Amino acid sequence: MISFNRVTKIYQKDWVGLKDITFQIKQGEFIFVCGPTGAGKSTLLKLIYKDEDPTEGIIKVLDWNLGTLRKNNIPQLRRKIGVIFQDFKLLQDRTLEENVAFALEVTDIPPRDLRKKLMETLTYLRLSHKRFSYPFQLSGGEQQKVAIARALVRDPYILLADEPTGNLDAKSSQEIMNTLFDINYKGTTVLMATHDLKLVKKMKKRMIYLEEGKLTTHN
Amino acid sequence: MSLQISIREGIKTITRNGSLFFLSLLVVSISLFLLSLFGLVTINLYYSLRILDEKIEIIAFLDEPADITTLKSNILKIHGVRDVIYVSSDQALKELQRELKETEEVLSIFEENPLPASLRIKLDADYRNAQGLEDISGKIMLLRGVKETIYGGELVDQLKKITKAITAFDIGLLLIIVFSVIFVIFQTIKLTIFARSREIEIMKLVGASASFIAVPFAFEGFVQGFVGGLIAFVLTIITYQIAVVYFFGELYFHFWWFFFGDIACGIIFGIIGSGVAVQRFLK
């Protein structure tokens, strides 16, 4: 489903983002991407949804070789990948419902199907009662659930989570983790970047550990 | 993406970012108004200079009696002469009386009409200069019945130089204004789009195509340009009316030229400005 073959990412002024990374991820896996701040976790996720291009190496995601993927096909790739962030990246001037519907509107889904899919997703995440609230009216945990809803609403094959619990309290973090596990249980491949090793050890999932852009542990 | 969704998204974008939209609209309107106003000045300057140029003529005073018909046809045969108008001594007096309305008593000292009959000779544009006037005047003087000719001579060339300088200055100023207006409009639109860079970033993240992102912004640019152009046009009309009533009495103004000109400039600048600004985010 995802494969990195000797991937290196070097930013401006020779700053190494990732160095010679090779790994494969199968469909339905749950992977933690760990490492200290600046280790290259976010870079790795950005390479998967082609927000960045590698300096060297081959990346394959789903059926695409990202090196040869044309620019106008990038939206097709991103429609199959959901991404959530530590800072949620919600549009503050839109309601919860509008934030989630937004992800469906970019595709040419008929309005009736859009409505149905939207309600299904909001109900699954127990957000439907707050669908007319604006992000600033929601708690951090609820905002992250909205971000998850936006990522999930199109039934992605892959869910990328970049420090999704970084801004949340213990209770909300646990709730988000449970949601991510449930999503994974239903078949979606999940990659979660985190620096919380305690959490990773507790969950007993596969882990990719990065340090200064290099893959040091892979189990 | 269908045009319907694009327009709906565009309208949503405008309503969601109302204050930003109106601020930008204000700048676009004022910029287009300045452009329109300078267009009005330029057109009137151009027309005034053209009228002034057309007034360059030769006046041939005639002997008494003279064969007017033959003289007219002979002058018309001269290369560079466009038209010949006969002014009898009575007509000349009436014209003078009209011009000296407030000092009529000056003429009362004459018992008889002192003004001779004359021919006003209009020239083709290429001959409205010192050399052309001198050449044609020389040929007219050779004709029987012509007593004397008068024309501007060197003054005409000086007038031409001044006219050229004014025109060049005006065109230079117009270009500066056009570029300034385009710059201001583009920068304003760019700032409003930059203020929504997060929205564009999220659109890209959820897999919005380039056209899905760009078309609503282009629509917003279109609306801004259209409304801005309309406001500029209304402001131009008001300024024109004030100028006519309080200052000039008469000015050249072509309603539809200005109407379509303002709106077309607004729409073109609006759409291109939005397109250029949003393009930065789509790279």
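Start at 1 and count along the chain as shown; that gives each residue its number.
The backbone N, Cα and C atoms fix where each Cβ goes, and this holds for glycine too.
Bear in mind that TrEMBL entries carry predicted annotations, made automatically and left uncurated.
As recorded in TrEMBL:
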type	residues	note
TRANSMEM	B:20-47	transmembrane segment
DOMAIN	B:57-148	domain 'FtsX extracellular'
COILED	B:86-113	coiled coil
TRANSMEM	B:168-189	transmembrane segment
DOMAIN	B:173-282	domain 'ABC3 transporter permease C-terminal'
TRANSMEM	B:201-219	transmembrane segment
TRANSMEM	B:226-249	transmembrane segment
TRANSMEM	B:255-278	transmembrane segment
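For the domain 'ABC3 transporter permease C-terminal' (B:173-282), the DSSP counts in helix, strand and coil order read 98 helix, 0 strand, 12 coil. Taken as a whole, the coiled coil (B:86-113) shows an average pLDDT of 75 in this prediction. In the domain 'FtsX extracellular' (B:57-148), helix, strand and coil residues by DSSP number 42 helix, 22 strand, 28 coil.
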